[in-house]
Amino acid sequence: MGYELGLISGALLQMSSILALSCKEQEIVVSSLLFGALFASLTGGFLIDRFGRRFAIIIASSLLVMGSLILLPHESYGILIVGRIAIGISISLSSIATCVYIAEIAPQHRRGLLVSLNELMIVIGILFAYISNYAFASVSHGWKYMFGLVIPLGALQAIAMYFLPPSPRFLVMKNNDEAARKILERLRETSDATKELTVIKSSLKDEHQYSFVDLFRSKNNMRARMLVGLTLVFFVQTTGQPNILFYASTVLKSVGFQSNEAASLASTGVGVVKVVSTVPATVFVDKVGSKTFLCIGSSVMAVSLVTMGLVNRNIHMNFTNICKSQSPEDTYQRPGNLTGVTNGSLKDLFSSMALPEGLLFDIQRNLDVTRTGELNRTTPAGGKNMMGSHTESGEVPVVLKWVSLASLLVYVAAFSIGLGPRNLKRVVDNDIPVYTRAMMHPSDALLPGKMGLRSH
């Protein structure tokens, strides 16, 4: 899951050049994964309750393999969207089913540790995605290798899940108490699982006392508690941190890391920081307090965002051009690829082709007009470049470049500590009753690196 979330960051740099994607098309490629996640978040709760958590994970793994296989043979914008939607459905469904399955199959004293390890594996997956981005940044069609690496892992997970036992809680929901008892006895290595079976039945009885409509009523303060949970989930998205995962390489390229390799290598720092900051957040959240972490993390995030905004304001770059064109060193010089040819060499290229003289004249005139327009936009009447000397050379001052990267890394670290899955889960668990969390968990599936709200 984490690997697929971070993968698009570096793959987008190559795909945008090879497939000649416009800004809007690049945005659709990235957001198509969220369209799939939205669909699965609305139906995932029903699927795991109807067919089981283990079966849902197998389906999610199969969709991941299928979505990745769709992307490899073709270089088509439409196929790319279809594959990304399938992967989005897989990620969302897997995130719901995995956390619920772990929480329901693990013993109570090990439940928090196993859920935390699952969250740690997600951020490690993001780190490996950024490493993969850098490793294949200079490889022709490297984005296909990036997507292809996940295929054997998805197939392995689907096969492994087949041999794992179903959730005892799911079996009780299906009135199969005897099978649930046998699985509990095998998992707990005990001859009598009656006590735990009774607890499961009691929690299910509490859930069935409430319906979806009760979430919007004042009974037991349900409305206020639901709003607290949904507001926290909403702010996780509006902080922009998920966009950093998707556009890390693009953002870093816009602030001075000009080549694909440099931007991908710098984005690897984002993955390292997420892993490093997730560990203390997981270990100390119970001692320090989840709300303390939430306040500290949010404050540091605000400071780092303000710093990043002030720095980028002084860079004076046209960020829209980052998604409209690629620099010559970032494209592949191969026959039939015109993206690596500069405007200055287009005249020689077209002159060598058997084209009518009038057409050659029109091409050259359009190029000259384009160049003149660019100079007019950046040079005032006095002839001085308003963008600064560093814009003329296409370079950003070294200090501003590294301050931007440092601000970004501090922002990511603060998010992992304050609004990361483990800490946010603690806030929700403390303030929202179990039956509310059970009905809310599908909406949480839209979170990258989401936590399982249903941990009872």
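The backbone N, Cα and C atoms fix where each Cβ goes, and this holds for glycine too.
Feature annotation from TrEMBL assigns domain 'Major facilitator superfamily (MFS) profile' to 1-456.
As annotated by TrEMBL, transmembrane segment applies to 30-48 (among others).
Through the fold, the transmembrane segment (55-73) approaches residues 4, 44, 47-48, 79-80, 82-87, 89-91, 93-94, 96-98, 101, 144, 147-148, 150-151, 154-155, 157-158, 161-162 of its own chain, all at least 6 residues removed from its boundaries and within a Cβ separation under 8 Å. Marked as transmembrane segment by TrEMBL: 55-73 (among others).
Positions annotated as transmembrane segment by TrEMBL: 79-103 (among others).
Residues 1-7, 9-11, 13-14, 98-99, 102-103, 106, 143, 145-146, 149, 245, 248-249, 260-261, 264-265, 267-268, 270-272, 274-275, 278-279, 282, 416, 420-422, 425, 449, 451-452, 455 of the same chain sit 6 or more residues outside the transmembrane segment (115-137) yet have a Cβ under 8 Å from a Cβ within it. If you look up TrEMBL, you'll see 115-137 (among others) marked as transmembrane segment.
Annotation source TrEMBL lists transmembrane segment at 143-164 (among others).
If you look up TrEMBL, you'll see 227-250 (among others) marked as transmembrane segment.
TrEMBL lists 262-285 (among others) with the feature transmembrane segment. Residues 6, 9-10, 13, 116, 119-120, 123-124, 126-131, 133-134, 137, 244-245, 248-250, 252-253, 293, 405, 408-409, 412-414, 416-417, 420, 422-423, 426 of the same chain lie 6+ residues outside the transmembrane segment (262-285) yet bring a C-beta within less than 8 angstroms of a C-beta in it.
Feature annotation from TrEMBL assigns transmembrane segment to 292-311 (among others). Residues 239-240, 255, 281, 285, 400, 403-404, 407-408, 410-411, 413-420, 423-424, 427 of the same chain, all 6+ positions outside the transmembrane segment (292-311), place their C-beta atoms under 8 angstroms from a C-beta of that stretch.
Beyond the ends of the transmembrane segment (399-419), by six or more residues, the same chain brings 123, 232, 235-236, 239, 241, 244, 248, 251-252, 255-257, 266, 269-270, 273-274, 276-278, 280-281, 293-298, 300-301, 304-305, 307-308, 311-312, 314-315 to within a C-beta distance below 8 angstroms of the stretch. Here TrEMBL flags 399-419 (among others) as transmembrane segment.
Non-local neighbours of the transmembrane segment (143-164) in the same chain are 3-4, 7, 10-11, 14-15, 18, 54, 57-58, 61-62, 64-65, 68-69, 71-72, 83, 90, 129, 132-133, 136; each lies 6+ residues outside the stretch with a CB under 8 Å from one of its CB atoms.
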